[in-house]
Each structure stands twice: as C-alpha cells, then as structure tokens.
Amino acid sequence: MAKPIITLNGLKIVIMLGMLVIILCGIRFAAEIIVPFILALFIAVILNPLVQHMVRWRVPRVLAVSILMTIIVMAMVLLLAYLGSALNELTRTLPQYRNSIMTPLQALEPLLQRVGIDVSVDQLAHYIDPNAAMTLLTNLLTQLSNAMSSIFLLLLTVLFMLLEVPQLPGKFQQMMARPVEGMAAIQRAIDSVSHYLVLKTAISIITGLVAWAMLAALDVRFAFVWGLLAFALNYIPNIGSVLAAIPPIAQVLVFNGFYEALLVLAGYLLINLVFGNILEPRIMGRGLGLSTLVVFLSLIFWGWLLGPVGMLLSVPLTIIVKIALEQTAGGQSIAVLLSDLNKE
C-alpha cells in the first residue's frame with residue numbers, strides 16, 4: 001500500500017464527508033455542464049496512445065492530432081447520416097407495426113382466457129398506438145440534429161486536450177507539495193484507466209461487429225443500428241449486454257416470429273458468453289482491482305450522479321476514486337472496501 005500523502009484526523013474526515021455531500025449535490029445539479037467535459041477527458045485518454053504512437057514515428061503532434069480528429073469527424077458525419085436514414089426508414093415501416101403485432105395477440109387471446117384472464121384483442125389494440133411511436137421517432141430525429149452542435153463542441157474540447165497533454169506533467173508538479181508521490185499516483189490512475197478504456201473499446205468494437213454480422217446473417221432489419229447499440233452499451237458493466245439485446249429481439253419477435261426471436265436470443269447469449277465471460281477476463285489480465293459488488297454499485301451511483309454517461313464510465317471513474325483514496329490516511333480503509341482482494 002502506498003505511503004499516505006495526506007494526513008487526516010477524525011474531525012477533518014467528518015468535515016470532508018459533509019463537504020463531499022455538498023460537492024456531489026453540486027455535481028448532480030451541474031451534470032449537464034460537467035458530463036461533456038468528463039466524456040471529452042476519457043475520449044482524450046483513449047486517443048492519446050494513438051497520438052503518442054504517431055509522434056514516435058516523428059509526426060508532429062499538431063499534425064497527428066489533426067489527422068486523428070479529421071478521421072473521427074468524417075466517421076461521425078457518416079454515422080449520423082446513416083442513423084438519420086435508418087430512423088426515417090423505421091418511421092416509414094411503423095404502420096406495419098400494428099398489423100404485425102395483432103397476429104400473435106390473436107393467437108394469445110384464447111390462451112389467456114383459458115387461464116382466467118379475460119381480455120380481448122380489440123381492447124389490446126386500443127393501447128397500440130403507432131402515432132405515439134411516430135411522435136417519439138420524430139423527437140429522436142430532432143434531437144439527433146440538435147446533437148450535432150454538442151458533438152462538435154465535444155470534439156473541439158478533445159482536440160485541445162490532446163494538444164495540451166505534453167504540458168500537463170509540469171503543471172501538475174507545480175501544483176503539488178510532494179510532486180514525486182503525487183505524479184506517481186496520477187500516472188498510476190492514467191495507466192489503469194487508459195488500459196481499461198483501450199481494451200474495453202477494442203472488445204466493444206469486436207462485440208458490435210459480431211452482433212451486426214449475426215443479425216445481418218439472420219436478415220434482421222437495422223442490423224447495423226443494433227450492432228452500434230451493442231458496441232455502445234458494452235461499456236456498461238453487468239447489464240449493458242442485456243440491454244443491447246432487448247430491442248433487436250423485440251423487433252424480431254413482432255415482425256418475424258417467436259422462433260426467429262429465439263435464434264437471435266441464442267446468438268446474443270453466445271456473443272456474451274464468448275466476449276463477456278471468456279475473452280474479456282483474459283485480455284483484462286489481473287483485473288481492475290474492484291470487487292464485483294463495487295462495480296455494480298458504482299454503476300448505480302454514477303448513473304444517478306451523471307446520467308447515462310456516468311453508467312458508461314462507472315468503472316474508470318471508480319478506479320480513479322479508489323486510487324485517490326489510497327493516497328489519504330483516512331481513505332485507505334475505504335479503498336480496501338472497494339478492492340477485490342483476490343486480484344490484489
């Protein structure tokens with residue numbers, strides 16, 4: 001265990017806990033402003049190794065960052081254009097939704113009545129309103145266009161962060177009373193978070209591609225969208241892969257049938273088994289140093305504090321908190337509670 005950098009007595013701990021509550025309330029209140037900055041910071045952490053690799057090949061840092069950001073902007077434009085097209089196509093196919101779902105409901109009606117549930121298809125049809133879904137999709141398209149400005153500001157922030165990286169060590173050293181120990185702790189946090197995010201991103205990309213290929217092979221509509229969803233939600237520990245499987249399974253169940261939905265379910269189970277339970281633990285190596293319970297609770301906490309982005313980044317944020325606690329006398333015991341002793 002590292003030697004404590006900060007010494008705290010009992011009274012200071014109580015005072016700091018009170019301050020912590022106030023700070024957390026402030027963060028939650030200002031989440032709309034803070035979340036883009038945090039997201040940009042973690043994107044910069046993912047991209048910085050690529051920039052460093054280009055710099056080692058004697059590419060000027062400004063040029064390396066410019067090339068990387070240009071590629072990302074082009075990819076984002078193509079991705080948003082495709083998503084807009086997919087949502088438009090989904091809007092056009094919505095009238096089929098009501099007719100497709102009525103067939104299984106008609107087959108289900110006698111079974112429900114047989115077990116004592118008195119319900120008619122006409123009553124259920126009253127609650128199936130495709131107009132509500134069309135309104136929802138229209139709002140999504142509007143939000144997608146509005147998100148362009150937010151994405152531009154986010155990428156601009158990432159750009160300046162990547163350009164600022166060489167100056168950060170010197171700035172941090174001037175801020176610290178004990179720069180050697182402090183920089184060691186910061187470097188450890190950066191290495192841990194970077195290791196997790198880079199590997200998690202690689203695994204998520206492969207997961208999304210495999211899900212896309214599986215759905216395309218089964219002739220599922222919007223397979224690319226569901227593959228993209230599998231990529232994004234794979235960052236959420238424990239439940240992300242489950243959430244990613246629900247929309248395509250529901251779509252296939254409504255439009256294709258029960259057996260086709262079972263086939264898609266089996267495909268997702270196989271993907272999660274191979275990547276979530278076999279490949280990812282092997283690639284991650286010794287692990288994150290966090291217990292399984294802490295990973296799940298951090299998902300809830302950061303989701304409450306920062307919203308969906310907090311859920312996506314719950315693990316790296318908790319890693320940073322754990323390393324910070326290890327550098328304080330009063331926080332080392334809390335850091336032990338967060339740890340997985342089997343992986344220490």
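Backbone N, Cα and C define each Cβ position, glycine as well.
Listed features, source Swiss-Prot:
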| type | residues | note |
| --- | --- | --- |
| TOPO_DOM | 1-4 | topological domain 'Cytoplasmic' |
| TOPO_DOM | 26-30 | topological domain 'Periplasmic' |
| TOPO_DOM | 52-61 | topological domain 'Cytoplasmic' |
| TOPO_DOM | 83-149 | topological domain 'Periplasmic' |
| TOPO_DOM | 171-196 | topological domain 'Cytoplasmic' |
| TOPO_DOM | 218-221 | topological domain 'Periplasmic' |
| TOPO_DOM | 243-257 | topological domain 'Cytoplasmic' |
| TOPO_DOM | 279-292 | topological domain 'Periplasmic' |
| TOPO_DOM | 314-344 | topological domain 'Cytoplasmic' |
| TRANSMEM | 5-25 | transmembrane segment |
| TRANSMEM | 31-51 | transmembrane segment |
| TRANSMEM | 62-82 | transmembrane segment |
| TRANSMEM | 150-170 | transmembrane segment |
| TRANSMEM | 197-217 | transmembrane segment |
| TRANSMEM | 222-242 | transmembrane segment |
| TRANSMEM | 258-278 | transmembrane segment |
| TRANSMEM | 293-313 | transmembrane segment |
Contact between the transmembrane segment (258-278) and the transmembrane segment (31-51) (at least 3 Cβ pairs under 8 Å, separation 6+): no
Annotated stretches the transmembrane segment (150-170) and the transmembrane segment (31-51) touching (3 or more Cβ pairs under 8 Å): yes
Number of helical, extended and coil residues in the topological domain 'Cytoplasmic' (314-344), per DSSP: 23 helix, 2 strand, 6 coil
Averaged pLDDT, computed only over the residues in the topological domain 'Cytoplasmic' (243-257): 86
Residues in the topological domain 'Periplasmic' (26-30) grouped by DSSP into helix, strand and remaining coil: 4 helix, 0 strand, 1 coil
Best-contacting stretch, by C-beta pairs under 8 Å, relative to the transmembrane segment (197-217) and drawn from 31-51, 62-82, 293-313: 31-51
Same-chain residues near the transmembrane segment (31-51), Cβ under 8 Å, at least 6 residues beyond its ends: 61, 64-65, 68, 150, 153-154, 157-158, 161-162, 165, 190, 193-194, 197-198, 201, 305-307, 309-310, 313, 316-317
Helix-strand-coil residue split for the topological domain 'Cytoplasmic' (243-257), DSSP-based: 13 helix, 0 strand, 2 coil
